[in-house]
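Residues or ranges marked as transmembrane segment in TrEMBL: 28-45, 73-102, 108-127, 155-180, 187-205, 225-242, 254-274, 280-299, 306-325.
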Amino acid sequence: MMFWTFFIFLILLCFVRFKNGTYQRFTLIFALFLLFLFIGFRYEVGGDWAGYIDIYNQINSNPFMLNRDFGYYILNILAAKFGFGIVFVNIICAFIVCLFLYLSLRKLNYPFASLLYLFPFAIVVIIMGFTRQGVALSILLFGFVLFAYEKKQLAFLACVLLGGLFHSSVLLMLPFAVFGFRLKLKYTMLSYVVIGLAFISLYFYGLFDKFIYYITHNDYHSKGAIFRAGLHLLPVFIYMFYRKRIIKFDLNFALLDAMSICIAVLFILSFYLSTPVDRIMYYFYIYDIVILDCLLRLNGGFKQKIILFLLSGYTILLFGIWYFYSYYALHFWRTGSNLILEYIF
């Protein structure tokens, strides 16, 4: 019930017309505060909940164990040292997620539409289900918005590296940093050095080995990977259709073009390499919301309302199918609770 209540709240916010930016900003802060309570105080929610409990217990018994997701590792050490438990880790991760969501969404013209788009899978499934990758995704989103709208290549690099402290798979997004505009030679060379060092570290961390294992072992197959990869094709088609009109927004078109091609290629690969592609495609929600924001900017008035109605129906349909028919939703999301709601009621 709590999922649907927040979902309906977001849909209503999409149709509100704010008198000025201040009202919209405070409403966004309020919505993200509710989201923080929603995410941070969840209990026994998500497919990896038991796995994160195991990580916490291992670090609690051996705080000197090595872990490549250094940021998440430090949070667990602090929680274990002061006896706060896994809930403390989730609260801090939820705060980081909501902070970077705010920093990202406030730069968009239609933040609530983007938040609605992110809610069914990016927030409920990824951020609530896979805590480390959810934090990495939120940090990456901020860097991507800066890179796409303001062409801040170094900010994108910094965010990818920061996200890598929580889940090293986000470092696979580093090659997109080469699509920077009008950078001086020394900054371009610095970018290549950073990307090169990051990929060397990926090798030593064993991430490439993990992906190779997924590729070479047929017993690893992600159910629904093709469908989830296909969801990103709609924004690609929208971008292709409106590209000549989107040009006037002065975005980083080299970046958007590259991501469009990458999504198309990964969709084809998802038929053969479902698990590794599925792990990468989680991060392409950053592309989707930029295209959605452009679409709403290009279509005002009645057309924009139609788009928002279609967006609402689209997200309700996707979330409803997952919520009522997914094995994981039935056994790992709907069976959990929220500590705040339990305390109140």
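Numbers run from 1 along the shown chain.
In case you wondered, yes, glycine gets a Cβ from its N, Cα and C as well.
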Report yes or no: does the transmembrane segment (306-325) come within contact of the transmembrane segment (108-127), defined as 3 or more CB pairs under 8 Å with a sequence separation of 6 or more?
yes
So which of 28-45, 108-127, 155-180, 225-242, 254-274 has the most C-beta pairs under 8 Å when paired with the transmembrane segment (73-102)?
28-45
Which one of these stretches, 28-45, 155-180, 225-242, 254-274, 280-299, has the most C-beta pairs shorter than 8 Å to the transmembrane segment (108-127)?
280-299
Establish whether the number of Cβ pairs under 8 Å between the transmembrane segment (225-242) and the transmembrane segment (254-274) reaches at least three, counting only pairs separated by 6 or more residues.
yes
